């Protein structure tokens, strides 16, 4: 039987299904489809023309089986190789009550039979604006059974009437719908999944036509939970050798869908009759193998896509060995630090003083020693003399530092087992070097740590980094909204999980506007009264109808002069993977109309024991203030 099944887009191989409207002999058809290389079959569970009557006699009591026996296939085949399809005559949102009632009963009958068979997924059409009753019937079905099927909503990328050739150009058309053109089908989907309360079991099967909408519409779809892409054979062109191919625009869309690991469903008859039907599938395989290779960041992040992690608290907690190990593997970060220290040493020590002027360097938060090694390499590269202090509060990491010193560094490095804020330094430093930044710059309390340590920096001393800025951007992602919603803990407030940030490799999301700077900190901080509390207001113009689920956070830092590190997408340091972005969720999704502005307020607050963020949306509508008094999330000092 087929090598793989529904839900298994494993490795680089394309997972694909064949869509058929009529299957006279199910076992034979399944065998033939598997032979062509497909992994599953989409087919009606009942005969598509067999309309059942649920209210009127005598048809209501018609004898005989309603559909064919489940014994035609093994349980395993039903479970893995068949995706059910709803009969095309079922219209639960019909304005005619008799049709509506009959459709409801027939739909439940088909869904229940699909659950009885244990189908992995069921395809349901979304092909009009009003799908409210469809949503109700499906939601009730999901909440009553113990089945685990996924429900794939078949949504066209462009509404069928937008492709009509019979509309006279520039003539007024009768528009009854609120949204026209490219917006339409996304609004059908958005309203439907909102009615279904963002159920994790409802996903998109996106039907791709010959005409593609504009890029921003496609971008928005890619923030949705797309599980399948339906490709009609009619959209394929023919190359010189008679094989089916896709246009360049379609190829670009396929590449982006492959990144989301969607499964492809081929529908329609063979339009390239001299070629085997499997040539459509072979072309998709060809595209998969010839897509741009993943970069170093994507390779490192594999498996972490949209996986929520709690931000580290290295001040309050001692990190584990593996955590240090991951950070030390970053090839870019430490070469940038080395370059910054190198430039700083050259600026501070003129050539004629290179043998007499010994610069005192203090690595604050030395961890297992990567910055100490970067400093030693920089001194060698600059041909300047340095004296090093490696200060680390984690007693476990100090063991590693002391071994380094014993085996490699010698008397050039002094290892100090102490919190930098409490250490009484024997002398003042020319340069302090630290790597205390989190995904949102200051969220691992770099400002508080460095402010507490700057009393042992000389008046003309330098801090590396010298400055850092956090950035925020509004995003839409039902995947991430659902992931956050699922983080509910039984002893906490039911919405506490929406009042804390998460470190996450953003993947299945749509950024609604470019990131804007939020908070900036500079070191050394020479203000007479140091206050690291902050408040900012950011306004983001939005050019599409969409829904806001939260904010992505990034940072940029100036290590020294023109040497920088960044995880802001526009300026991301190539190949650097030490930091994933941070996510600040909001409790309730907010619908945003094209042309509106999203206004967010962000606070950085603190008391003597902890630091926390608070945030609120104030336009286009007001949200609650999230995390007041740090009730759900704080960072311990």
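Cβ coordinates come from backbone N, Cα and C, glycine included.
As recorded in Swiss-Prot:
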type: ACT_SITE; residues: 435; note: active site, proton donor/acceptor
type: ACT_SITE; residues: 444; note: active site, proton donor/acceptor
type: BINDING; residues: 324, 333, 334, 392, 419, 420; note: S-adenosyl-L-methionine binding site
type: BINDING; residues: 327, 435, 444; note: protein binding site
type: DOMAIN; residues: 308-615; note: domain 'SAM-dependent MTase PRMT-type'
type: REGION; residues: 13-292; note: region 'TIM barrel'
type: REGION; residues: 488-494; note: region 'Dimerization'
type: SITE; residues: 327; note: site 'Critical for specifying symmetric addition of methyl groups'
Long-range neighbours only, meaning 6 or more apart in sequence with Cβ under 8 Å: which ones does residue 324 (S-adenosyl-L-methionine binding site) have? 367, 368, 397
Cα distance, residue 435 (active site, proton donor/acceptor) to residue 419 (S-adenosyl-L-methionine binding site), nearest Å? 15
Assigned element (helix, strand, coil) containing residue 392 (S-adenosyl-L-methionine binding site), judged by DSSP: strand
Which residues of the chain, 6 or more past the ends of the region 'Dimerization' (488-494), have a CB below 8 A from one of its CBs? 631-632
Looking at the recorded positions 327, 333, 334, 392, 435, which has the shortest Cα distance to residue 444 (active site, proton donor/acceptor)? 435
Where residue 327 (protein binding site) and residue 392 (S-adenosyl-L-methionine binding site) are concerned, what is their Cα separation in Å, rounded? 16
Number of helical, extended and coil residues in the region 'Dimerization' (488-494), per DSSP: 0 helix, 0 strand, 7 coil
Taking only the CA atoms, the spacing between residue 392 (S-adenosyl-L-methionine binding site) and residue 435 (active site, proton donor/acceptor), expressed in whole angstrom, is 12
Show, in sequence order, which residues other than 327, 435, 444 on the same chain lie with their Cβ within 8 Å of the centre of the Cβ atoms of the protein site. 312, 314, 365, 367, 436, 437, 438, 578
